[in-house]
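J.: According to Swiss-Prot, the protein has these features:
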| type | residues | note |
| --- | --- | --- |
| TOPO_DOM | 1-63 | topological domain 'Cytoplasmic' |
| TRANSMEM | 64-86 | transmembrane segment |
| TOPO_DOM | 87-105 | topological domain 'Extracellular' |
| TRANSMEM | 106-126 | transmembrane segment |
| TOPO_DOM | 127-132 | topological domain 'Cytoplasmic' |
| TRANSMEM | 133-153 | transmembrane segment |
| TOPO_DOM | 154-162 | topological domain 'Extracellular' |
| TRANSMEM | 163-183 | transmembrane segment |
| TOPO_DOM | 184-192 | topological domain 'Cytoplasmic' |
| TRANSMEM | 193-213 | transmembrane segment |
| TOPO_DOM | 214-222 | topological domain 'Extracellular' |
| TRANSMEM | 223-243 | transmembrane segment |
| TOPO_DOM | 244-325 | topological domain 'Cytoplasmic' |
| TRANSMEM | 326-346 | transmembrane segment |
| TRANSMEM | 350-370 | transmembrane segment |
| TOPO_DOM | 371-376 | topological domain 'Cytoplasmic' |
| TRANSMEM | 377-397 | transmembrane segment |
| TOPO_DOM | 398-417 | topological domain 'Extracellular' |
| TRANSMEM | 418-438 | transmembrane segment |
| TOPO_DOM | 439-454 | topological domain 'Cytoplasmic' |
| TRANSMEM | 455-475 | transmembrane segment |
| TOPO_DOM | 476-485 | topological domain 'Extracellular' |
| TRANSMEM | 486-506 | transmembrane segment |
| TOPO_DOM | 507-590 | topological domain 'Cytoplasmic' |
Amino acid sequence: MSRTPSSLDKDKGSSEFVENMNEIEIIEHTRVPSDKPSGFGGHLIDENLVKVEGEDKVTPYLCFLISASAIAGFLFGYDTGVVGVALPLVGTDLGGSVLSSSQQEIITAGTTIGAIFGSAILGGWGDRLGRKVAILIADVFFTVGAVLIAASYSVPQMIVGRIVLGVGVGGAAAIAPLFITETAPTAVRGRCIGVNAFFIPFGQVISEAIGAGVQDMKNGWRLLFALGAVPSLFQLILFHYLPESPRILILRGQTDRARHVFSRIYPNATPEMIDYKFRVAQEYVTATTVLQSGTTYWQRTKTLFTKGSYRRSIVTVSLIQMAGQLSGFNTLLYYAGTLFSLLGLTNPALGGLIPAGTNAFFVLVGMTLVDKVGRRGLLMFGVPIMLAGLVWNIVAFHYLCIPTGGLLDTSYKYDTKLVGIVIGGIVFFTTGFGLTYSHLAWYQSEFLALEVRSVGSGIATTANWVANLVVSVSYLTELETLTPSGTYGLYLGFSVVFFIFAVFCYPETKQLSIDETSLLFEEDWGVKRSREMRRERRETQRRLADSEMTEVATAHVQAQKQKDSAVTRSELDNFMEELKNGAKRFPISR
């Protein structure tokens, strides 16, 4: 579909390069939804048609912005890892008796319960509060919760502290990826979201490492939980120097501040380019405001499940979130100390570093590949590795536990070789998980339309925590009733079902702008539509490049005519061929 020049293109303040682009027939995907007000003319402008020099590079300012935001991911990861190494150290400090399996499960699940509320409330109110304020509120809950846990002298007090902490974990998990998605340039958006995803296993590694070092320290578990308040206080300070999301600033009418944020994100852009980036975002926000006008938060939530395109998008991101949890990976962290004690390791906390470190490394690998290979490409490659790892675990645990009736027994010394095979299966499984769900689950904001992005992100993150709750409160019980092999067989069944769903219903978002990706679900689940949109985008870029070549060739011919009027058509064709052969010298963007 060719794009009709919009009022923005005709604006007197628009630069010459925008006007020139209107002379080219451009395939355009980005349109206001079909139920939009008629005043929008049926289309919106594609931000990617104008690319700034160095846009595919991570600038120092963008690095600061993304890193400060990703502390939320670190806090998420630290809490996930710390409970697994801290609970075995509690001993009789909470009520005078050793924690039972059910008490460990309830304490572990406390954060998950709080996170369900945090992601639903802070995530859902992200538009009204703003991304920045929502993250700051989450930091307050983080800090208060960490203090309550570290000062606990009873199981109920610790559970309350874990719930308070969980509100912060859930809220930050919903908002931080959303904030990053809305501020990062499309060319590096995958890597930027990946930083937040990487900080999750990085936090897990740090908690496991510190836990290994305080095994013999009195009240070491209190220190472990108290240290969780340090990153949240640090983020509170850093966010004082960070801007609000430019789209939220536009929504509030703070246009000068929004332009300033764009100029910081794109330091090499000309004023005209900044104006173009700003006006594109402004059109989307204006369209969204009209779509949201007259509706309440609960009405928009209902719309997510009644309108087909919204429903398909929220189902996709929610199921991908749940897939990561129901694979069982977090049980390796929540109960690392218990599991590796059962396997006979003398320092179980060091054993916890195995899945945490492997996950962190392969999240980093996936983060570097995601903008090249694509989200779907990584999923199709990595999940089969994860499934093979689960099969490995099923078989390995079966043979390991034959002497103890199929169950793990701390009083029995298992064969060292078989323990090594089990750990090898855990590493192989974690490799696939790190490449896929560990970070791809947090790309949820890419799939959601702006008008429901905040509430949708909150719902998807809530789905994550509900699945997390199911796993965390049942793992130790499952080991005792289903046996370790049966437990990982259950996780394998879940993972196979979710992978089949992903094959048919998880579209690629690579190369598409944040405001284009939500259009993938307009007609179906978007897998085929994504391929078509990305192919047409490549053709559009090629035509833009050819147009620049033509302009250069014409200027060359005119210069030659001044010297010699005998320039032939064949000479022009030869010159054009030379340009095409050396097209790298003529960038697509202006």
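Backbone N, Cα and C define each Cβ position, glycine as well.
What's the neighbourhood like for each of these?
T.: Here the topological domain 'Cytoplasmic' (1-63) has a mean pLDDT of 47 out of 100.
A Cβ distance under 8 Å defines the sequence-distant neighbours of the topological domain 'Extracellular' (87-105), meaning residues of its chain 6+ beyond its ends; these are 152-155, 158, 211, 214-215, 219-221, 224, 335, 337-338, 341, 348, 472-477, 480.
Panel annotation: around the topological domain 'Cytoplasmic' (127-132), residues 175, 178-179, 182, 239, 242-245, 248, 251-252, 297, 454-455 of the same chain, lying at least six beyond its termini, place a Cβ under 8 Å from a Cβ of the stretch.
Same-chain neighbours of the topological domain 'Extracellular' (154-162): 94-95, 99, 103, 106-108, 110-111, 114, 145-148, counting only residues six or more beyond its ends whose CB sits under 8 Å from a CB of the stretch.
Packing against the transmembrane segment (193-213) from elsewhere in the chain are residues 66-67, 69-82, 84-86, 89, 176-177, 180-181, 184, 220, 224, 227, 231, 333, 336-337, 347, 349-350, 352-353, 356-357, 359-360, 363-364, 366-368, 370, 434, 438-443, 445: each is 6 or more residues past its ends and has a CB under 8 Å from a CB in it.
If you look at the transmembrane segment (326-346), the same-chain residues 6 or more away from its ends with a CB under 8 A from one of its CBs are 80-81, 83-85, 87-89, 104, 108, 204, 208, 211, 352, 355-356, 359, 386, 390, 408-410, 413-414, 419, 422-423, 426, 429-430, 433, 437-438, 467-468, 470-472, 475-476, 487-488, 490-491, 494-495, 498.
Through the fold, the topological domain 'Cytoplasmic' (371-376) approaches residues 187-191, 440, 443, 446, 502, 506-510, 527, 530 of its own chain, all at least 6 residues removed from its boundaries and within a Cβ separation under 8 Å.
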J.: Helix, strand, coil: count each for the residues of the topological domain 'Cytoplasmic' (371-376), based on DSSP.
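T.: Per DSSP, the residues of the topological domain 'Cytoplasmic' (371-376) fall into 5 helix, 0 strand, 1 coil.
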J.: So what's near the transmembrane segment (223-243) in sequence-distant terms, Cβ-Cβ under 8 Å and 6+ beyond its ends?
T.: 65, 68-69, 71-72, 74-75, 78-79, 82, 85-86, 89, 132, 135-136, 139-140, 142-143, 145-147, 149-150, 165, 168, 203, 207, 210-211, 214, 217, 249, 257, 260-261, 264
J.: Would the transmembrane segment (350-370) count as touching the transmembrane segment (418-438), i.e. at least 3 C-beta pairs under 8 angstroms with sequence separation of 6+?
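T.: Checked: the transmembrane segment (418-438) vs the transmembrane segment (350-370), in contact.
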J.: Using Cβ atoms and a strict cutoff of less than 8 Å, what residues sit near the transmembrane segment (350-370) while being 6 or more residues removed from its termini?
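T.: Contacts of the transmembrane segment (350-370) (Cβ under 8 Å, skipping residues fewer than 6 from its ends): 81, 84-85, 190-191, 194-195, 197-198, 200-202, 204-205, 207-209, 211-212, 329, 332-333, 336-337, 339-340, 343, 378, 382, 423, 426-427, 430-431, 433-436, 438-440, 510.
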J.: Using a Cβ cut-off of under 8 Å, list the residues of the same chain at least 6 residues beyond the transmembrane segment (106-126) that approach it.
T.: 79, 83, 87, 99, 134, 137-138, 141, 145, 155, 158-175, 178, 297, 301, 334-335, 454-455, 457-459, 461-462, 464-466, 468-469, 472-473
